Amino acid sequence: QPEQWREIMNKKMRFPPELLNAIQEGRIELLCGLLRTGDGIIRQLDESEDRQWREALNLSIRLGNEDAMDALLQGVKFDFRQIHEALLVAVDTNQPKVVKRLLDRLDQEKGNKMDVRSFSQAIFDRSIDDSQFAPGVTPLTLACQKDLYEIVTMLTQKGHVIPWPHKISCACLECRNGRQYDLLKFSLSRINTYRGIASRAYLSVTSNDAMLSAFSLSRELRKLSQKEPEFKQPQYLSLEQLCQEFAVELLGMCRNQSEVTTILNSCGDESQDALDEQAFEEGIPNLSRLRLAVNYNQKQFVAHPICQQVLSSIWCGNLAGWRGSRTIWKLLVSVGIFFTMPFLCLVYWVAPKSKAGKILKIPVIKFLLHSASYLWFLITLLGESITMEMYRDKFASRQQNILHSSFHMVWVVFFWYECKEVWIEGLRSYFLDWWNCLDVMVLSMYLASFALRVLIMLKGHFLCHDQSNSDECIYFTQTRDNWHQEDPQLISEVLFAVTSMLSFTRLAYILPAHESLGTLQISIGKMIDDMMFMFILMIIGTAFLCGINNVYVPYVISPHLGFNETFNFLFWTMFGVANQDYVDMPQFVLAEFVGRILYGIFTLVIVIVLLNMLIAMITNSFQKIEDDADVEWKFARSKLYLSYFREGLTMPVPFNIIPSPKAIFYILGIFKRICCCCNYNSEQKYPPIASVSSDKGSEDSLPYRQQVIRALVQRYIESARREFEETKRKIGNRITELNKAVSRMHIEMKGIQQLLLTDGHAPNDALTKDGSSVLGKYIIGAKNNFRG
Ligand SMILES: [Zn+2]
């Protein structure tokens with residue numbers, strides 16, 4: 001009964017063990033023979049029963065044995081998942097040809113486009129997976145992670161996409177099921193998907209504007225790292241870093257100025273670009289992409305030499321000599337501007353369109369003007385302090401002239417300036433900058449202080465106006481000693497004192513313009529970041545405050561009487577300026593003993609904590625600063641530069657309240673724009689790229705910006721490929737040398753074997769020694785070859 005026999009044979013021979021050897025040794029005839037044992041094609045009945053066919057296919061692909069793979073594909077009926085895994089293996093070993101063949105095979109199988117979604121169904125597979133690929137890895141994500149441009153292109157052309165992961169808190173059915181079924185697999189597949197999306201290959205192949213996608217992706221990843229802190233450190237942050245680097249590398253592919261200006265001045269959305277145009281001074285490009293990078297915190301991108309060059313060229317405008325000139329000269333000009341500021345402002349007010357007016361509009365001059373105005377403000381504050389000392393007795397009473405100490409209020413008209421800034425920037429982005437928050441606080445405190453003083457003056461004036469010596473009028477004429485604690489004048493004075501101190505903090509806004517000062521400022525700012533140690537210090541302080549206070553409080557005779565004194569004592573102990581007699585109380589031995597021990601422990605602990613704090617602060621922030629001091633400073637400086645490129649606000653503070661003729665023109669311009677906005681159309685500013693590819697009709701219709709982006713991406717891919725080829729060539733050379741050495745060794749070995757055989761069975765001592773020495777020599781030679 002041949003039929004029955006064949007049945008048994010089929011069952012037994014479903015996976016002949018010789019097969020693996022045949023594949024490994026590349027013996028195709030044997031393989032074909034083994035496959036042809038049944039009649040026709042071997043069918044797999046139960047796929048989960050044995051994965052061995054799969055392994056055979058994977059092995060043949062991994063070995064690069066294409067004939068064996070063909071034989072297997074023809075001889076065995078593989079199902080969808082098996083081919084999927086084979087595809088993964090082919091991608092993993094970077095064999096575009098094999099990938100193509102497998103894809104074609106899949107196409108045949110499905111007839112139409114393959115169902116990519118069914119890959120994600122693997123989440124619901126609970127069996128212990130002996131596949132070597134993590135959950136959620138599809139051929140496309142794997143190729144992306146390995147930056148295989150060719151395969152990525154091939155796969156995307158076949159319609160593969162990486163579906164964007166849902167939000168972390170998504171409540172849709174799919175996510176809920178996935179989370180409930182297997183939380184780890186769920187998050188792993190999320191991360192693997194992000195790994196694919198954030199790869200250079202995926203960004204450059206699929207995205208229209210790879211740089212913008214990299215920006216937004218990096219922002220998204222940073223947000224995710226906060227939402228999913230479990231995967232923050234190695235996963236999300238390294239991906240984010242990858243995105244940032246990719247954008248920087250793309251920028252580095254620019255070859256001429258026109259490309260750079262195109263890239264930096266457009267950020268995709270054309271209507272947005274047109275709107276942004278109005279925010280900057282005329283003659284200054286809108287730099288929308290650069291501003292986007294600043295908003296998205298792309299420090300490396302902003303600090304790239306290309307961006308920095310563009311920024312500083314705009315910063316100096318047509319004062320070409322400024323950049324190269326010496327420090328002394330710059331200093332002289334600054335001092336000159338400082339003293340002639342009112343005059344310069346007058347010139348600008350009268351003739352903003354004149355040559356002098358235009359020079360004043362150059363950002364660097366504008367910056368100097370504003371800094372001069374600020375310095376004048378500080379000088380006024382100092383001057384007022386000195387005046388107050390001169391008229392001390394007047395200031396002690398209510399007789400003071402409000403004008404004596406309110407000259408600084410001229411500057412507080414700053415407020416007007418700030419309002420204008422808010423108007424231009426929009427409220428939200430305005431308060432995103434912490435310095436602006438501080439500004440608003442300082443200004444409102446100045447205003448409050450001033451308002452209180454005006455109030456008290458008016459009240460005194462009206463109360464004592466009608467000569468009636470009422471109680472309140474008498475209170476107003478009394479000296480300071482008799483005032484209430486909450487007297488408005490006292491409050492206003494305290495407010496003024498604090499605010500005048502805070503006013504100096506705005507200097508921090510100016511400092512980044514200078515290299516070493518800016519870097520220093522950043523390093524100090526980072527140290528303040530580490531102030532969480534203060535919290536620990538506070539806990540320790542409070543604990544001991546409580547303990548020591550409770551030890552001594554019942555003894556009325558002791559020199560310390562309360563909470564306040566104990567606090568004082570402990571606080572100054574931290575800095576070593578406290579009287580140790582405080583804990584002495586010889587009459588009560590036990591209390592003294594405990595108190596002294598507590599105090600001793602406190603001193604010890606505080607020394608350790610403070611010392612550690614110091615060490616941690618110094619090493620930590622120094623390390624951080626060492627790493628990217630330059631980048632941080634350039635980023636801060638770029639922010640400063642950009643804030644001075646904005647339109648308007650040319651006049652420094654005390655003068656900006658006067659409406660200039662220019663403002664009237666500006667308002668007229670707004671009206672005009674409202675009228676004309678219906679038929680507003682932007683014309684193309686740049687000539688179309690003159691390239692080899694211009695003969696293609698479809699390319700011409702693309703805007704210049706996209707052509708540039710495409711060219712950049714092309715160059716990037718090209719350079720990556722070249723690098724890859726280079727390394728491959730180097731390794732290939734080594735391998736061929738190694739192969740040669742091995743084959744030579746093979747021949748020699750055969751020779752020795754022959755020699756031994758002809759000599760008979762008796763082993764010859766000298767010959768074996770000779771043979772082993774030959775072998776050793778070859779092994780050493782091969783090793784050297786490989787190392788060299
Ligand atoms: Zn969802």
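Including glycine, each Cβ sits where the backbone N, Cα and C put it.
No curator has checked TrEMBL annotations; they are predicted automatically.
Over in TrEMBL, the protein carries these features:
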- 170-232: domain 'Transient receptor ion channel' (DOMAIN)
- 328-351: transmembrane segment (TRANSMEM)
- 363-382: transmembrane segment (TRANSMEM)
- 402-419: transmembrane segment (TRANSMEM)
- 431-452: transmembrane segment (TRANSMEM)
- 490-511: transmembrane segment (TRANSMEM)
- 532-553: transmembrane segment (TRANSMEM)
- 597-618: transmembrane segment (TRANSMEM)
Maximum Cβ pairs under 8 Å to the transmembrane segment (363-382) - stretch from the list 431-452, 490-511, 597-618: 490-511
With DSSP as the reference, give the number of residues of the domain 'Transient receptor ion channel' (170-232) in helix, strand and coil. 53 helix, 0 strand, 10 coil
Can you find at least 3 Cβ pairs under 8 Å between the transmembrane segment (431-452) and the transmembrane segment (490-511), where each pair is 6 or more residues apart in sequence? yes
Can you work out the mean pLDDT of the predicted model over the domain 'Transient receptor ion channel' (170-232)? 83
